[in-house]
């Protein structure tokens, strides 16, 4: 489909690897012997990921509700019209974009700040680094449950508990006890996601900082450049591809996020994103045709991000090849 | 005068360094606090866990863990934990068996169009799960494979295979060709070269790949939620039972989250150095 096509477009810009030119002339039975180790993985991936997508494409052209057996008939693009006309789906598109953009941007800025802090020597640096990546290493459902019940619950959550504690410290102990998830559902989901994804961004930026040639920074400092100038004119341009990569990989994951939405709000209060909505159309409404059409639309949306992501990965790899 | 300025600057930058170090510590503590609180609450009694304001110094015990493991008559989490282990270990084994030969063909003796193939693998990773969820569900229903751990293992294999191919490919590409050429010149045959030279060099990379694949399989929710129910239920699906928790259950919930997250934490910290390389698909070292 389109995904492989974009991929090869991005790939064609790459350089051939060592020895590829030499072997390119090789033809005949030997070529298949070289190719054989690749085939099992290739066949497996095509069978398990591409064939179901083709099936989804076909299903999206049929009117098929599991509650009305025997009513399966070809209706062309009507499902797409129905899905695009569905306000729930249109709201899900907006929710997905808002959630993804805000979470990725916040996590990226925080991750950059934390990486800059961690990139200097101070006592206990290794321990702080470990503490910072721990949120990323919780099972996503567990992390979402932690926010939903342990931190944000209005009666016994830590946040309201801390408010009561602070109120007792300064006076009568009467503290406001807001219901955080009902008051700001999307922000609650987004905060939990930012908490989990900031460490990921931090790790990518840290890798970028470590690959920075130290001499140029030294030279700039010798010439009297201020820290701000070093950051603005040396560090940031060097980090740009890493920030792009972090943003895109984060987007790919957060566009597809299901766990946090499912756990924290169960898609209520205007937090249903596209994967959750598709899950709902399919799993609860059993509208198989419409679920497929919505799934295809999600793929089209992801492709835009994926095409850019693949190009960034490709350019980073090329940069590395020319350095080494 | 110059000396004075330098001293002033260095004093100011020393203050700055101490301040930034403290800021880093503060950030670490803020990010770690929810995890620490979860662990502490898992050791509290249910009454203390639900106290408002929170009781930091409440007595500690293992009641939460006892309740989680089913002493209170609830569902035992063991089948789910065993299922998750089975799926993670099986799918990771299959992933490595498929990915290693493929990575070899893509880097050590690259085939024509190797880069296109590599990017094809990557592009399948960007295909959202919902893109193929319904056909997979219908296939499983019609073939009686619903609620089956082996189906989950197959699906997690396909989910992790692209990442594993990319990671192992990037590790293999780091092996200097000259070593392999030298061994070939010395008359070593291919199996010997693979076993004696290639495998030892890339072993740490393969270990990290395996750990990351295990983590991603262990964490996966959407496929497991749709395709399993009772017998093949995985640990994340078991955890979703806590979503609509009523009454006193916080300590038990925290114990559950700690137990289910512990393998991921252990694997993730073990693979810490290679974590970025794996999750950025080898683009970042």
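Any Cβ shown, glycine's included, is placed from N, Cα and C.
Annotated range for transmembrane segment in TrEMBL, selecting from A:4-24, A:67-87, A:130-150: A:130-150. A Cβ distance under 8 Å defines the sequence-distant neighbours of the transmembrane segment (A:130-150), meaning residues of its chain 6+ beyond its ends; these are 114, 118, 157-158, 181, 188, 191-192, 195-200, 202-203, 259-260, 262-264. Using the rule of three or more Cβ pairs under 8 Å, pairs at least 6 apart in sequence, the transmembrane segment (A:32-62) is in contact with the transmembrane segment (A:291-313). For the transmembrane segment (A:186-209), the residues of the chain that approach it from at least six positions outside its boundaries are 95, 98-99, 102-104, 106-108, 110-112, 114-116, 118-119, 132-136, 138, 140, 143-144, 146-148, 152, 180, 235, 238-239, 241-243, 245-246, 249-250, 253-254, 257, 260-261, 264-265, 269-271, judged by C-beta separation under 8 angstroms.
Same-chain residues lying 6 or more positions outside the transmembrane segment (A:291-313) and placing a CB less than 8 Å from one of its CB atoms are 2-3, 6-7, 9-11, 53, 56-57, 59-60, 79-80, 82-84, 89, 93, 96, 241, 244-245, 248-249, 251-252, 255-256, 274-275, 277-278, 281-282, 285.
Sequence-distant neighbours of the transmembrane segment (A:92-118) (same chain, 6+ residues past either end, Cβ-Cβ under 8 Å): 125, 128-129, 132, 186, 189-190, 193-194, 197-206, 208-209, 231, 235, 239, 243, 246-247, 250-251, 254-255, 257, 270-274, 276-277, 301.
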